[in-house]
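Undergrad: From TrEMBL, for reference:
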TRANSMEM  6-26  transmembrane segment
TRANSMEM  31-50  transmembrane segment
TRANSMEM  56-79  transmembrane segment
TRANSMEM  86-108  transmembrane segment
TRANSMEM  120-138  transmembrane segment
DOMAIN    169-398  domain 'Major facilitator superfamily (MFS) profile'
TRANSMEM  173-192  transmembrane segment
TRANSMEM  212-229  transmembrane segment
TRANSMEM  241-260  transmembrane segment
TRANSMEM  266-290  transmembrane segment
TRANSMEM  302-320  transmembrane segment
TRANSMEM  332-354  transmembrane segment
Amino acid sequence: TAWVGSLSMGMVFFCSPIVSIFTDLFGCRKVAVIGAAVGFAGLLSSSFVSTIEPLYFTYGVLFACGCSFAYQPSLVILGHYFKQRLGLVNGIVTAGSSLFTVSLPFLLRVLIDSVGLYNTLRVLCILMFVLFLAGFTYKPLVSNAKDKEGGKKGKFRFPPEKKICNFSVFKVLSYRIWAFGIPAALFGYFVPYVHLMNHVKDRFGDSVPEEVLLLCLGITSGVGRLIFGRVADYIPGAKKVYLQVASFFFIGLMSMMIPLCHVFGGLIAVCLFMGLFDGCFICIMAPIAFELVGAQDVSQAIGFLLGFMSIPMTVGPPIAGLLRDHLGTYDVAFYLAGVPPLIGGAILCIIPWVHERQKLKERAKPVDGETTEKMLENENTLVLDTTEKPVKEMESGV
């Protein structure tokens, strides 16, 4: 049963590179609307399934792919409208997910107890329909591949292969480091979110309300997205990466502290800090991508990154589950889960330095070109002067 949710989460990010290609070809609005429609169909069809096997497709694949196509354009479209306060805007938009993280667990429990699982899925289809309508408001201001390659208005000419798969983003060294460092950190990042509730039941039994931990994670994650999104606007250029470094450091540290909490109040404090820095990590992903590759390439840059993220997100929690099955507790799993975020954060530390060196090299190239042109102009003027002087002397002699 757990593979249904795990497959769904992995597919959301695994489809991201494909979503970025479609976003570049057809624009944010069409991709978001079609994605919401596919997600709606997947969620609705899941409500009529009576066995577990079809759910692997209807919920794990179809619904997840629709969510992926609806999710990524919402990150890309913000950069079309906001430049100076992009971090704050991302914080406000992503804080919406925190609001539902807080409220949905309680709402779902009430719905399942009152109307059952199948009708609960049908009620959730209302949210997907709202997302479908919201997609029509996306009006990109940056021209995409369709605008460049379309030729006559109203006709679409299929763009060249370089426009479809924009691997040129990997020529940017700072982006390559970023796209490697974040997946390296995520091997342990989501382990607490998946296994924390089971750990609480193993250690404290049913005597404590484990929903409080979800509440703490959701509330502080929303607060963190608003705070750090605004803070990111004051940090110039690629130095925004240092916020992600700090978030990985604290999340790794908090993961290691979970087994040390023998009092439920200690777990609440850990979740408060973890949610705060989780919000920091999420809200500044898009601003960093805009800084590293620019607005024209940001769609596929985010898509490739989310695609790489699907591997550790899918692999990490099952490995932690295997450790629990063999050892009988989650303690070792949480200790090990704190190591990858620390390693990933250390890798990201060098990005601002690398990015600054790249910018200096790019600035030096046009300067060299200008000096070469000036030298050629000086040589031409000297040649003209030397040829004009004998002519003038001959005219004066005549």
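Residue positions begin at 1 at the first shown residue.
Quick reminder: no glycine exception, Cβ is built from N, Cα and C everywhere.
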Undergrad: May I ask for the residues of the chain that lie six or more residues beyond the transmembrane segment (120-138) and have a Cβ under 8 Å from a Cβ within it?
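TA: Distant contacts of the transmembrane segment (120-138): 27-29, 32-33, 35-37, 39-40, 43-44, 46-47, 66, 70, 73-74, 77, 108, 111-112.
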Undergrad: Can you tell me which parts of the same chain pack against the transmembrane segment (56-79), counting only residues 6+ beyond its ends and a CB-CB cutoff under 8 A?
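TA: Answer is 3-5, 7-16, 19-20, 22-23, 28-29, 31-32, 34-43, 45-46, 49, 86, 89-90, 93, 128, 131, 135, 138, 140, 142, 285-286, 290, 295, 298-299, 302-303, 306.
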Undergrad: So what's the mean pLDDT when you look at the domain 'Major facilitator superfamily (MFS) profile' (169-398)?
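TA: In the predicted model, the domain 'Major facilitator superfamily (MFS) profile' (169-398) has a mean pLDDT of 78.
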